[in-house]
Amino acid sequence: MKKILLVCLSIFSTASFAQQLPPIHVNVPVKAWVIMDYDTGEILADYNGKERLEPASVTKVMTSYLIAEALDKGVIAPDAKVSISPYAQSQEGSRMFAEAGTQITVHDLVLGLVIQSGNDSSIALAEYLRGSEPNFAVEMNKKAKELGMNDTNFMNASGLPHPNHYSSAYDLAVLSRHLIQDFPEHYEIYSHKSFTWNGITQKNRNTLLWTDPSVDGIKTGHTRSAGYNLASSAIRNGFRVIVVVLGTNSEKERAQLSTELLNYAFMNFEHKKLYDADQVILQSPIHEGESNSVNLVSDKNIYITYPRGQYDNLRASVEVKKPLIAPVEKGQKIGEFIVKNGTQTILNTPLYAQETVEQASFMKRYWDQFKYKFQNKFQKLKAQIM
């Protein structure tokens with residue numbers, strides 16, 4: 001189908017974002033990192049963002065995502081008691097010190113998983129939800145594919161090293177974004193600074209929770225082979241950014257680099273809401289309908305993120321399929337809202353009919369067909385002489 005440009009807003013530049021922004025100076029060894037805008041999912045900057053690397057305990061973001069999903073669907077209950085298996089207790093590395101043969105509530109195991117990074121709590125929850133850790137890993141990979149994590153494969157629930165257990169900085173940012181978006185109440189746990197279990201108080205290993213009040217998550221990870229990893233998120237003046245850092249040499253360096261990347265994003269980018277969900281963006285003409293137009297809306301809030309001071313240099317447009325002929329159902333995709341920075345598309349989101357437009361009577365349809373043929377010829381002639 002042919003497309004017609006219906007609307008142009010005053011937003012035009014031929015330069016790309018990369019040409020408009022100062023370089024990022026990274027002063028510590030690192031394998032990969034990404035900066036993601038939470039609201040749009042846009043990658044603002046990255047280094048080896050899609051390289052397959054060991055996620056270590058950042059894996060537990062997926063483990064907690066699946067638990068949050070099961071809680072949300074009522075598959076499991078927060079006060080349900082989970083029997084701790086000898087296998088769960090035997091886990092090495094970070095633990096909440098769950099003892100085999102005891103019973104711990106799902107809620108407490110989640111706190112041990114998220115705050116204490118417990119490998120034992122990861123296994124206990126995996127076994128409770130899917131019967132075994134291998135079965136749970138199958139579900140982890142199904143969800144990863146569903147979320148668009150194309151460079152990820154999970155072999156366990158904790159992130160302990162395995163040759164076929166890998167992810168990328170980009171994929172982990174995608175996962176983090178979905179966790180915050182899909183389960184905000186569950187995500188709030190990631191901001192907790194400590195948790196006490198079995199008489200042992202352990203601090204959250206994400207030191208940014210102490211050094212930056214805008215940070216409210218997310219998850220650390222470390223093994224000898226992976227290095228020091230951190231997925232973090234901060235929100236300032238309504239603008240949320242996600243940063244994932246993989247493979248630094250120390251806790252200090254992962255925190256330092258994460259802070260630098262967060263600050264870079266907030267200093268060099270601006271964030272703006274253009275439209276609310278279901279706000280009318282355009283009235284599109286429609287032929288052969290009981291109404292002569294249909295309101296176009298988005299099913300979600302529309303945000304853009306752009307280099308600081310560059311808002312007036314962007315261009316927005318709405319494209320719809322031509323011709324638009326009734327009947328049209330409420331919620332039917334009609335067109336797209338597009339924002340460009342020169343030739344670079346920075347936003348492309350679908351627009352839907354806000355209401356149903358029924359087919360008109362025979363006489364009105366006949367008259368609309370006549371008008372459309374005449375107008376179409378005129379538009380073609382006009383396009384040729386402009």
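Even glycines carry a Cβ here, placed using N, Cα and C.
The signal peptide annotation in TrEMBL covers 1-18.
Ser57 (active site, acyl-ester intermediate) has a Cβ environment of 25 other Cβ atoms inside 10 Å. Taken from TrEMBL, the feature active site, acyl-ester intermediate covers Ser57.
Marked as active site, proton acceptor by TrEMBL: Lys60. Within 10 Å of the C-beta of Lys60 (active site, proton acceptor) there are 27 other C-beta atoms, taking all protein chains into account.
Look at TrEMBL and you will find Ser117 tagged as active site. Annotation note: Ser117 (active site) sits in a coil segment as assigned by DSSP.
Feature annotation from TrEMBL assigns substrate binding site to Lys219. Sequence-distant contacts (6 or more apart, same chain, Cβ under 8 Å) of Lys219 (substrate binding site) comprise Ser57, Val58, Lys60, Val61, Val114, Ser117, Ser176, Tyr190, Asn206, Leu230, Ala231.
According to TrEMBL, the feature domain 'Peptidase S11 D-Ala-D-Ala carboxypeptidase A C-terminal' maps to 269-359. Over the domain 'Peptidase S11 D-Ala-D-Ala carboxypeptidase A C-terminal' (269-359) the predicted model carries a mean pLDDT of 90.
The DSSP breakdown of the domain 'Peptidase S11 D-Ala-D-Ala carboxypeptidase A C-terminal' (269-359), given as helix, strand and coil counts, is 3 helix, 55 strand, 33 coil. Under DSSP, Lys219 (substrate binding site) is assigned to a strand (E or B) in the three-state scheme.
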